[in-house]
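First the structure, in the form of structure tokens, and then the observations on it.
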Amino acid sequence: MSGKSLLLKVILLGDGGVGKSSLMNRYVTNKFDSQAFHTIGVEFLNRDLEVDGRFVTLQIWDTAGQERFKSLRTPFYRGADCCLLTFSVDDRQSFENLGNWQKEFIYYADVKDPEHFPFVVLGNKVDKEDRQVTTEEAQTWCMENGDYPYLETSAKDDTNVTVAFEEAVRQVLAVEEQLEHCMLGHTIDLNSGSKAGSSCC
């Protein structure tokens, strides 16, 4: 891949067993292991991609969802460019815990502007028949908690996996573009000492 690549750090967060490792492995290696064990601590994989003409190296961090691994995973939140809040559509509790994961990330990642931080919500395991969370419920949660993009995925069937990670990149680039626009709008007239342009931040 030619051209300068932008390094983006993306964190997968959610309860243990919702399929975070499977999503990461499906996206990076295009493999699915139905016998995969729970993650202990953190793991990460890289993948290069091009989104809307931008070359990106995506560094995907998969974190252990169990409470006992909290002290191992939280130091790795810092420096994240995007967070993929993940639940399993056949596990109602994992959906109800999304708010806790959101708060944990914002606190430990030391997010300065939570309202504009790029979160993407993934409802995984849509290949399962015994669904406990409807699409409408998940979309409503996303609208009420930050107007986040919502995608339904299946690492097993490779449903929307690539789309999900590309959406994460687009969300980061959109925030970056907005910040650049704001900075350009804050030009200063050196002669009068007054600011020119309007603020969008």
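Quick reminder: no glycine exception, Cβ is built from N, Cα and C everywhere.
As recorded in Swiss-Prot, the features of this protein are as follows:
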- 18-22, 33-34, Ala36, 38-39, Gly65, 124-125, 155-156: GTP binding site (BINDING)
- Ser21, Thr39, Asp62: Mg(2+) binding site (BINDING)
- 31-42: motif 'Switch 1' (MOTIF)
- Ser34: phosphoserine (MOD_RES)
- 64-78: motif 'Switch 2' (MOTIF)
- Cys200: S-geranylgeranyl cysteine (LIPID)
- Cys201: S-geranylgeranyl cysteine (LIPID)
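Closest to Asp62 (Mg(2+) binding site) in space, going by CA atoms and restricting to the binding-site residues Lys20, Ser22, Ser34, Lys125, Lys156, is Lys20. Classification of Asp62 (Mg(2+) binding site) by DSSP places it within a strand.
Across the structure, Lys125 (GTP binding site) and Ser21 (Mg(2+) binding site) place their CA atoms 12 angstrom apart. Summarised as a single figure, the pLDDT of the motif 'Switch 1' (31-42) averages 67. The Cβ of Lys125 (GTP binding site) has 27 other Cβ atoms within 10 Å, all protein chains considered. Shown are the binding-site residues Lys20, Lys156; of these, the residue with the fewest other Cβ atoms within 10 Å is Lys156.
Ser21 (Mg(2+) binding site) and Ser34 (GTP binding site) are 11 Å apart (CA-CA, integer value). Cα to Cα, Lys156 (GTP binding site) and Ser21 (Mg(2+) binding site) are separated by 11 Å.
Its Cβ placed at the centre, Val18 (GTP binding site) has 26 other Cβ atoms within 10 Å.
Of all the binding-site residues listed (Ser21, Ser22, Ser34), Ser34 has the fewest other CB atoms within 10 A of its CB.
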